[in-house]
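Engineer: Following this message is one structure expressed as structure tokens.
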Amino acid sequence: MAAGLRLLLAGLCWSQFRVEDAASPPPPPAPVRCALLEGVGRGGGLPGGGNARPALLRFGGDAETPPEPGPEPEVTFNVSDPWGTLTPLGVPPRTPPSCELNPTNPQTGSDPWSRPLHPDARSPPTAGGQWWVAAVGTPQYGVTALLQGGMGTEGTITAAVALAVLTHTPTLRARVGSPIHLHCAFAAPPSSFVLEWRHQNRGAGRVLLAYDSSTARAPRAHPGAELLLGTRDGDGVTAVTLRLARPSPGDEGTYICSVFLPHGHTQTVLQLHVFEPPKVTLSPKNLVVAPGTSAELRCHVSGFYPLDVTVTWQRRAGGSGTSQSPRDTVMDSWTSGHRQAADGTYSRTAAARLIPARPQHHGDIYSCVVTHTALAKPMRVSVRLLLAGTEGPHLEDITGLFLVAFVLCGLIRWLYPKAARPKEETKKSQ
């Protein structure tokens, strides 16, 4: 087996993602409004373009919930879904799904690892009739189904799901270096299959992993990419999740999980966003300045991703009050360009040169404030300016001393009556 691939045959791997138990089927999901494209697609869930017509997908009969408001459908598809892959679309809280439907010609892949599915280079006899690809999704769930059509009345088409590829993680966020699972599974009649995981980013694409179930081998496996292969469960669903051991900024982008069967193939798409919060250091750590001299503050922001970061300076005069812009006490400031490290993260430095120190500047607090998309709130690192040769308590020191004195006074008053009470009682008895 190719290096870098671990096949984890975990029958329970899919249990956290599986659809409702077939013994107690849930009510059918609400009908889904769809855009029916006129052009014939290229197969596998790729739209073929052309004009769009309003259509409606119905699942398993009449649903209790009416469809979302919209134009009157010109075509209604009554879809039979034996594996329940479309059921999660109606589970509350329900987000109106997006849906695109286009006719297609069933076909297998042209990659070398998918050719053994059709050694005679001919489509199977079951590939006759009309075929469509339905791509339906919400922020929490995405499914692409290959539909085989049957007879129907005017304006109505009866279709059955022949293959469905789904994901419970259509959009993911991963920290640099932290393992991440890109969930994918498929439902289909028992047969040999070929799996392909492809990564696309900034116009470039690569096959991360390919797996052939007939040989249980991976003809293609990129280092760091692992296949979590689940066994077929009672609902006919097989998990084919991709695990990235140490994602880096270069792993950000679009991931395509494609499943090839003898009668055709389809795929689902996932988006991975990589992030890393910045580390912030401020120098010097101790800011002691002689009267009449200036100092320079440097704020170093490192190890962050993505690129955009904002660095600002703030000052609290005398260490009290609210933070304000230090423009009255800063002569000059500058910010370096971005520098990229070997792991793909970025760093940059901001500096501020202060005006010559005066007695009234003693105790000023300067802060470097960093804002970044990976931070829940801005990060602040501060330093206090101390004027050499200047003594005397600051407001914070006075407040602290007052609190200590208050506590000590209360403690003495609590202890003193206990010690003095016997003497007072003796005097009264005399």
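Glycine is treated like the rest: Cβ placed from N, Cα and C.
Keep in mind that this is a model prediction, so the values were computed, not measured.
OK, Swiss-Prot features for this one:
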COMPBIAS  101-111  compositional bias 'Polar residues'
COMPBIAS  322-338  compositional bias 'Polar residues'
REGION    61-128  region 'Disordered'
REGION    316-342  region 'Disordered'
SITE      ARG413  site 'May be involved in interaction with TAP'
TRANSMEM  400-417  transmembrane segment
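Tell me what's around each of these sites.
Structural biologist: Secondary structure counts, DSSP: the compositional bias 'Polar residues' (322-338) has 0 helix, 7 strand, 10 coil.
All protein chains shown were included, and the count of other CB atoms within 10 Å of the CB of ARG413 (site 'May be involved in interaction with TAP') stands at 9.
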Engineer: Could you say whether, by DSSP, ARG413 (site 'May be involved in interaction with TAP') belongs to a helix, a strand or a coil region?
Structural biologist: helix
